[in-house]
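A.B. asks: Per TrEMBL, domain 'BPTI/Kunitz inhibitor' is recorded for 8-61, 70-120.
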Amino acid sequence: MAGRIAPGLVDCEQKRLTFLGNNPNVYYYVQDLDECHFFHYGGSKGNENNFKTQQECEAKCLKDKLKSPCHQPLDLGRGMGVILRYAYSQELDECRFFQYRGDGGNENNFNTKRECEARCVITRSPWSQLVVEPTEDTSFLKKQAPHRT
């Protein structure tokens, strides 16, 4: 059984295979760099080293999980700044708003919720496409009193 992997398991150490086809772009694990990279997968004659998202690839293959910003804890940073940012919460599988202090911190620090979700969120709901940035006018979200006639 040498050279084979059990069904349902991923072999992150297999080389990237690219073949012609119309399948979407995917990610594969680069063992020498301990990183996940983007490539166009043709969709046939590939192997288990291809993932729909960078997050899925990093979760299954990275040896040093803290290389991925999605696996790093929230770090407000140092300083007196108040900069509106988003960080990924692994426990909730969602991007949460926080106030970055302006210096230091780590890579789990995204300018927008959309950027954070594109990189880190695994599950998607119909509501995940609704993004309201904190700098936008949100007064339209206030509940209206019922109209009486």
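Every residue gets a Cβ built from N, Cα and C, even glycine.
Predicted automatically and left uncurated, TrEMBL annotations should be read as such.
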A.B. asks: Averaged over the whole of the domain 'BPTI/Kunitz inhibitor' (8-61), what is the pLDDT?
C.D. replies: 74
A.B. asks: DSSP says what for the domain 'BPTI/Kunitz inhibitor' (70-120): how many helix, strand, coil residues?
C.D. replies: 10 helix, 17 strand, 24 coil
